[in-house]
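Structure first, then comments.
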C-alpha cells in the first residue's frame, strides 16, 4: 500500500451499512473509494456508488465482478455475512489485499480462517468499530479486575428487528474482555438463556440477555451487581455512521502494515491503557 490515498473497496455497497461506508470514505482524509461491490446479479450493477449513497457522482459504479476491480483497491471493508466474508477473505489473501472485517456471527472455523489469513495479510477484525464501544471494552475489563470475583455479571444488548445473530458480536466481545480479565474461558462461564425453574444464580458466570425490536441501532450494557450496589457500563449508538467512520479509520491505519491480525483497540491504542 503506502499510496498518498488508501483506495478502499466496500462490500455490500448497496445496503444500509454499505451506503454509510461510502459516505464515510468520501468524508475521510487520506482515503478514496476504489470499488463498490454488490451481490451477483444485482439490478443496481452499473449505478454510480456516490449517487446511490447520496453524496454525488464519484465515477465508481457498483459491480458484482470482484476480479475486474482487483487492481483498484488496497483495503476491502466487509460488514456482510460470514459465508460471503470468507469468500472475500480468500480473494484478499491470494491478491495480498488488506481487509477490515466488521461481520459478526462466525463459528470457530471461520475465526480460524481469519487467523490463518492474517499470517499473509493485514486484517482489522472487530465486533464493533465505534470508538465509544471500544472504550467500553476497556472499562469493563478494568471493572472485572476489581469486581469480577464477587459481583453478578450480566450483559444486556438490544438491536433492530433485522439483526440475524444473537448475542451480538459486541456483547460477546464484552464477555470476552471480562473473561480475559478474570482468566476465564468464556465458553465455560457464559449463560445464554434462562427459562423455567433455573434455581439460584451460579457464581462466576456471565449472563447474556438479548432484545430485538424496531430500529434500534445498538445498545449494550455490562452490569456488575453486588448486594447493595451495582455498576453499569453502557453504550448506545444512534447512527450507523459511527461504525462506518471507525471502519474507514481502521482501513487508513492499515496502511504500511504487511500482515497481522488486529482489532479496533489496536487502532485506537487502547491495549496499553
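For all residues, glycine too, the Cβ spot is worked out from N, Cα and C.
Residue 159 (active site, proton donor/acceptor) falls within a strand when secondary structure is assigned with DSSP. Annotation source Swiss-Prot lists active site, proton donor/acceptor at 159.
The active site, proton donor feature in Swiss-Prot is assigned to 163; the stated evidence is sequence analysis. Its Cβ placed at the centre, residue 163 (active site, proton donor) has 16 other Cβ atoms within 10 Å.
Residues within less than 8 Å, Cβ to Cβ, of residue 14 (NAD(+) binding site) and separated from it by at least 6 positions along the same chain comprise 38, 42, 44, 47, 52, 62. DSSP assigns residue 14 (NAD(+) binding site) to coil in the three-state reduction, outside any helix or strand. What Swiss-Prot records for 12, 13, 14, 15, 16, 17, 102, 103, 104, 126, 127, 128, 129 is NAD(+) binding site, and it gives sequence analysis as the kind of evidence.
Within 10 Å of the C-beta of residue 39 (NADP(+) binding site) we count 14 further C-beta atoms, all protein chains included. Annotation comment: Swiss-Prot describes 39 as NADP(+) binding site.
Non-local contacts of residue 170 ((S)-2,3,4,5-tetrahydrodipicolinate binding site) by the CB criterion (under 8 A, 6+ apart in sequence, same chain) comprise 104, 127, 128, 133, 157, 218, 220. Reduced to three states, the DSSP call for residue 170 ((S)-2,3,4,5-tetrahydrodipicolinate binding site) is helix. Summarising the annotation, Swiss-Prot assigns (S)-2,3,4,5-tetrahydrodipicolinate binding site to 160, 169, 170.
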Specify the nearest of the recorded positions 39, 159, 160, 163, 169 to residue 12 (NAD(+) binding site), where nearness means the distance between Cα atoms. 39
Give me the long-range Cβ neighbours of residue 169 ((S)-2,3,4,5-tetrahydrodipicolinate binding site): same chain, 6+ apart, Cβ under 8 Å, in sequence order. 104, 105, 127, 128
For residue 129 (NAD(+) binding site), which residues in the same chain are close in space, meaning a Cβ under 8 Å from its Cβ, but six or more apart along the sequence? 100, 102, 242, 243, 244, 245, 246, 247, 249, 250, 264
With the cut-off set at 10 Å between Cβ atoms, which of these recorded positions ends up with the most neighbours? Options: 16, 159, 160. 159
Neighbours of the (S)-2,3,4,5-tetrahydrodipicolinate site 160, 169, 170: Cβ within 8 Å of the Cβ centroid, same chain, sequence order. 104, 127, 128, 157, 159, 163, 165, 168, 171, 218, 220
